[in-house]
Every structure is written in C-alpha cells, then in structure tokens.
Amino acid sequence: MTISNHASVPETIALPPKEFSRTLYAYVVWGGLALALLWSWAPAEMDRVTYLFSDSGNMVEYASGFLTPNFHDWDYYVQEMILTVQIALWGTVLSIFFGIPFAILSSSNVAPIWIVQPVRRLMDACRAINELVFAVLFVVAVGLGPFAGVMALFVHNLGIIAKLFSEAVEAIDPYPVEGIRATGASKLQEIIYGIIPQVAPLWISFSLYRFETNVRSATVLGVVGAGGIGQILFESIRGFYYGETAAILIIVVITVTVVDLLSQQLRKLAI
Amino acid sequence: MVAVSIDGLTKTFGRKRALNGVSLEIPAGEMVALIGASGSGKSTLIRHIAGLERGDAGCIAIHGREIQSAGRLSGEARDMRRSIGVIFQQFNLVDRLPVITNVLVGFLGQINRLRGTLGFFSRNEKHIAMRALHRVGICEQARQRASTLSGGQQQRAAIARALVQGARLMLADEPIASLDPASARRVMEILAGINKEDGMTVVVSLHQVEYARRYCPRTIAMKDGAVVYDGPSVALDTAFLKELYGEASDELILPDAPVSDQPRERPVVAIGSGAPALATA
Ligand SMILES: Nc1ncnc2c1ncn2[C@@H]1O[C@H](COP(=O)(O)OP(=O)(O)OP(=O)(O)O)[C@@H](O)[C@H]1O
Ligand SMILES: [Mg+2]
C-alpha cells in the first residue's frame, strides 16, 4: 500500500507561506548594504579607480622595478625578520598568559554579571584600538625599539584572546563541571578540572592562529619605530629602492607562509 | 541516623511547579528507588538533595546537617557535598581527561586545596583510586580518556569517583537509563554491593520498575512534583503503576510484582488518605 492510495492525503500539499518578518528582514539587510556602499562612494574617492588603468604606463614601470630583487643585504633582512617573529612570539605568549584570567572573568557561565560586564568592556577597549596605535603610544612610553612592539601586540591581543577564549568557555558542556562540583571541589578546581580540559583544544588552536596573525602585524610595527622588519621596508619604499623592497617583501612572504603552514599543522594536532 | 530528611520542599521553574511540598526521610543504610513518569521531578529532587539547586521553600538536611533551607544554600554546602556522591544519567565525566584523573577528582574536597588545584595527588591516593576502579571492574581502562569508554564503563567510573570521595550517601539519577540490560544489571549490582558492604545510603531514580523491585526494598513514587507513594517496592502493583505512568506505562511495566508466597501487601505509607491509589488522582 502506498501513501497516495490514502484517501485522506491531498494531491498537492501547499508549502507554508514565507514568514513576512523574514522577507522584510532580507530587504532591510540588502537594501541597507546597497545604501551604505552608495553613501561611501564619494568619500572613499572610488571614482579614482580609472587611474589604475589610465596611468598604466607608470604602473608597468613601477612593477618592473620589483622584478629584479636585490638580495645584497639578505642577511640583514633575515636578521630583522627573525626579530619580527621574536616580537610576535613574546606579544602572543604574554597576551595568552594574561588573557586566560580575563577570559574566565568575562564568561557569563563562570563569573557573576557585575564582573563580566566591566571586564568585557575593558577587553573591548583593548581590541578596539589598533596595534599600530598602541605601538605609537608605547614608543612614547618606553622608547623606540622592539619592546614597544611587544607591548603593543600584547595589549591589543589581550582583548582578542579574552574574547575568543571566553566564547569557548561559554560553549562548554556544563554537566561535567557539575560532576566536579558535586565532589565538593572549589570554584577554581571546577575551572581547572571541568572547564580547561574541555576548552584546551580550541584555546590552542586560537593561540596558534593569533601567532600567525601577529607575525603579519609585526611586519608593520617598524613603520612607527617599534622594531622589526617594517622599519627597513618602509625606508626602502620611501627611498624608491625597488630591488631592496622586493627582496624584503619576498622574505616577509616566505616567512609568513612558513609560519602559517607550521601553525596549521600544529593546530591539526591540537584538535 | 537519618541520611536524608526533607521537609516541605517546593520548587517552581517559571510557572512550572517541579516540586510540590516534598517531605520524606531516609534512614542511613537504606537503598531507595525513586520512580515516576518523565517530568515528575526525580532529577530535580536529586539535584536539590545534592545542593546543586536551590528550592523556593522547605528545607533539606543531610546526616542531620542542613544543606539548604527556605531557598538558601548553607554556607557549608560545598563542604557537605563531599559526603554526597552523585551519579548522573549523562555520567558527567570530563571526556578529555583520563579515567584515573576523573576518579582522582573525588579527592579534591578532602585534600589540601592548593595541592588539589595543582593536581599533585599522592601515591596513596592513586592507589585508592585504582582500588575503586578495580572494584567497579574497569582498572584496565585507567589511562584511557573517559570519552573512549562505553556508557556502562563511564557510569562505573562515575561510581568509582563517588567511592573515592568517601561519600556516605549516594544519589544516582537514572544511572542505567542509557545502558543495555547487561551493563544496567552490572551497575545496579555495584550500587547494591556498596549499600550492603559499605552501609552507604543509596537513592536511585529509575524508569524500570522491575529493577526497583529487585534491588531496592523501598520505593518512593513521584507524580507532578509530589510524592504519591512511599513504601515497600513489592507492594507496587500494575494498577498503581498504570496510574503513575499513564500513557507510557506499557513499555515500563514488566511482569507483575511477585505474587507467590505471601498475600500482596498494600502500600503502607501511601501519602494522603493512606489508600494505595494516587493521592493526586
Ligand atoms: N532548569 C530547569 N528549568 C526549567 N524547567 C525545569 C528545569 N529543570 C527541570 N524543569 C522542569 O521540571 C519538571 C521536572 O523535571 P525533572 O527533570 O526533575 O523530571 P524527571 O522526573 O527527572 O524526568 P525524566 O524521567 O524525564 O528525567 C519538568 O517539567 C521540567 O521541564
Ligand atoms: Mg530526570
């Protein structure tokens, strides 16, 4: 016996109508995006897009300068690149170390609301301010050099780590934690035995991802005098040394790619 | 000595009354089954006894010490939880930690806080944990992650944790609901063994009435958040269970209570009129 033999089943079953509110929502979102793009066209000088093509002769000349990279000072570049990675390493590790307590304090399933809200706002502030801005501030405070870069990465990433880590904490399974609580463990012990093991793989993965990103960010810190390869990159661009600029950029790209690949492999192991 | 004493416990979730004036007393050393249809408030009651949830009114005392009263958790609740072992339907083990660590967690309430927090467990403590695992029959799996164990093994690891904890009262919330019959029997045997050999008080919520009859001399039945029967398990008869479980009764009720030798006892401590029928019906 098939279903269609049933007298009670109608020939066609009407699809329930779309919810009006959802249709409206789609119009508002897409319409709003279109309006925002129009509104931003002139201020962003998007009309100059033609210059990319009208001055194509200049562009070709500019580009061809890069085709003959000058590796004469390669050891100096590599040395600066290693320094850049070292800055990123310290900035990342400091932000993880200090970010963990902030992450826990900004997780609504662990801390009370009157702690969560202020801590989250503080972390928002760290995140909202770009690392380059922090770098300028720290150059003033602690002087030119790599330490200012480390501090800039540290403070900006503190906000990011706290947010990413606390999102992982808020998504945990509460039952194992309750199981630990039921043994008479303290709150800190609940966190260490119940929460950390659950979030560890995600935390490791986020940390490695932040390290990748920080290596990339650290390559521009030198522009404001906060150490690393950015400084010589900026100088060679401003001096129209195309060959040197190309060599530095190649070293940056290779390093960033290698760091990304390594960290991706490590992340796979963590999960 | 009274292990659990509850007086007028009431709890409302939003507009849902989950517990409605529950009063009962369980002497130390008893093994009691808690039965009732889905949503009748068994888990909620167990969570209140363990001090994991606060009631709206009424009070609960464990071994003569108040753990909560009139919606307030006693200041000693964290300390008192040590003497209460809780086993949950979902096992509540930490999946990514090895079984042995999950069991060692049972020591956290007893040892120096700092040492427990840092995870420095002594050789003797590890030895005790291994003995507990041996007792529940899973010492070979000690180094495996909890997530790699079968359901029945995880439940036994949870029991081992409660054993290590030095609990005197064991609360088990549907410990066998997700287990196959062989594992279920195994877990019930272990609970019964702990009750007999260690004199531990055991309160176990169950869906399968035949397990209540086999392992627990006393049964407490709940319906809509109230205790509707409290008496010997052998006196539970099919008519009563049909009423207790309503529609869902067919799957739950197995062969009728042992009728054999003695004439069937009627419920002795039925709440309300003293009649065997459901008080609320
Ligand atoms: N945290 C909560 N929030 C809201 N309602 C809840 C909560 N916990 C329990 N309830 C409600 O309280 C009632 C009793 O639930 P409880 O889990 O105690 O039932 P149960 O007897 O254990 O059922 P089951 O046999 O299905 O496990 C249910 O109606 C449930 O929806
Ligand atoms: Mg339940």
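Here the Cβ of each residue, glycine as well, is placed from N, Cα and C on the backbone.
For A:24-42 (among others), the entry in TrEMBL reads transmembrane segment.
The annotation domain 'ABC transmembrane type-1' is assigned in TrEMBL to A:81-263.
The transmembrane segment feature in TrEMBL is assigned to A:87-111 (among others).
According to TrEMBL, the feature transmembrane segment maps to A:132-155 (among others).
What TrEMBL lists as transmembrane segment is A:191-211 (among others). For the transmembrane segment (A:191-211), the list of distant contacts is 88-89, 92, 95-96, 104, 110, 157, 160-161, 164-165, 168-169, 172-173, 176-177, 179-181, 185, 259, 263, 266-267, 270-271: same-chain residues at least six beyond its ends, Cβ to Cβ under 8 Å.
As annotated by TrEMBL, transmembrane segment applies to A:218-234 (among others). Beyond the ends of the transmembrane segment (A:218-234), by six or more residues, the same chain brings 76-77, 80-81, 83-85, 87-88, 91, 131-132, 135-136, 138-139, 144-150, 152-153, 245, 248-249, 251-252, 256 to within a C-beta distance below 8 angstroms of the stretch.
Positions annotated as transmembrane segment by TrEMBL: A:240-262 (among others).
Within the chain carrying the transmembrane segment (A:87-111), a Cβ under 8 angstroms from the stretch's Cβ atoms is held by residues 119-120, 122-123, 146, 149-158, 160-166, 169-170, 172, 174, 191, 195, 207, 210-211, 214-215, 217-218, 221, 227-228, all 6 or more beyond its ends.
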